[in-house]
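Here the structure is laid out as structure tokens; the discussion comes afterwards.
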């Protein structure tokens with residue numbers, strides 16, 4: 001084990017030439033980042049998650065109800081043991097042959113069975129209230145941490161001169177404000193890593209999961225190697241766009257369509273300018289060229305840049321989806337949905353059909369009654385499908 005640790009923490013990999021881990025041990029005169037500091041992120045991530053639960057319950061939910069956000073989920077399908085068994089054990093999208101068989105077995109018309117399956121699929125969709133609370137939490141956190149980052153960075157010399165990120169590296173003392181900034185950001189991403197399995201599932205789940213792993217890796221890597229100055233620039237640059245995105249979602253859930261469209265287009269502009277413009281010209285320029293000029297070549301430098309380039313690939317993927325959505329908003333005068341974080345395919349975009357006749361009376365095979373007049377398909381515009 002000692003040999004493995006010695007190999008893993010090889011100074012020739014992590015640090016520039018002629019620098020050792022002993023040089024970066026904290027003393028009474030100066031404090032430097034230590035790997036064990038990162039353990040603080042785990043209890044803090046749990047605390048952030050608990051704060052989120054309290055925030056959503058006692059702040060976000062009353063706000064949502066005050067703004068008349070729909071509290072109930074989609075209409076539930078009437079109980080039917082046979083259809084439920086098919087839905088849970090066989091298929092959520094029965095084909096024509098299976099529909100005909102069920103129609104004969106239940107003495108229901110095919111349209112009514114299709115409607116039942118549509119309602120049953122929609123039944124698994126999260127309520128608008130839940131989505132509003134989740135977005136309000138993210139909006140509040142991003143607004144807080146972005147404000148904190150701006151207040152911190154405006155006092156630093158490397159905000160406007162990125163070469164200052166490498167001035168005196170790696171012997172750059174760890175300031176308390178910077179330490180707090182890093183640990184809170186890391187803790188938040190750890191909380192997202194675990195909470196995304198219980199959050200509203202979205203179409204870009206895989207991309208977001210990759211992003212969270214990448215973010216945790218980058219934050220951890222840059223902290224251990226004391227590349228924290230450039231890390232703070234990346235934090236601030238990424239948080240600003242998410243504020244507008246979550247605000248657009250909340251406006252959409254409140255059915256303020258014009259405000260939602262405006263906020264989404266604002267988000268699209270900020271995202272593309274910051275991720276496809278400022279990020280490569282400001283961040284990648286300093287890590288690829290200025291860092292190399294200041295410190296020379298060492299393996300950790302290239303690992304950092306590979307991670308940052310992978311992040312840029314994700315930026316390009318999201319930008320493509322956002323531009324498509326923005327184009328639809330401009331051409332149709334309405335933002336249909338945020339393609340970057342839409343609900344998973346359980347929210348079907350099926351063609352609505354006219355209300356068919358109600359199924360026949362009591363089904364002898366399972367004892368459940370037929371659908372009444374309220375057992376219609378769920379209707380809704382873009383707002384019901386959004387995010």
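Backbone N, Cα and C define each Cβ position, glycine as well.
Per-residue confidence over the domain 'Homeobox' (83-127) averages 89 (mean pLDDT, predicted model). According to TrEMBL, the feature domain 'Homeobox' maps to 83-127.
Marked as domain 'TLC' by TrEMBL: 130-331.
TrEMBL lists 341-387 with the feature region 'Disordered'.
Under the heading transmembrane segment, TrEMBL lists 38-55 (among others).
According to TrEMBL, the feature transmembrane segment maps to 179-198 (among others).
According to TrEMBL, the feature transmembrane segment maps to 205-224 (among others). Residues 14, 33, 35, 37-38, 182, 185-186, 189-190, 192-193, 196, 230-231, 234, 300, 303-304, 307-308, 310-311, 314, 317-318, 341, 344 of the same chain, all 6+ positions outside the transmembrane segment (205-224), place their C-beta atoms under 8 angstroms from a C-beta of that stretch.
Positions annotated as transmembrane segment by TrEMBL: 262-282 (among others).
The transmembrane segment annotation in TrEMBL covers 302-323 (among others).
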Let's see if you can do this one: DSSP helix, strand and coil counts over the domain 'Homeobox' (83-127), in that order. 31 helix, 0 strand, 14 coil
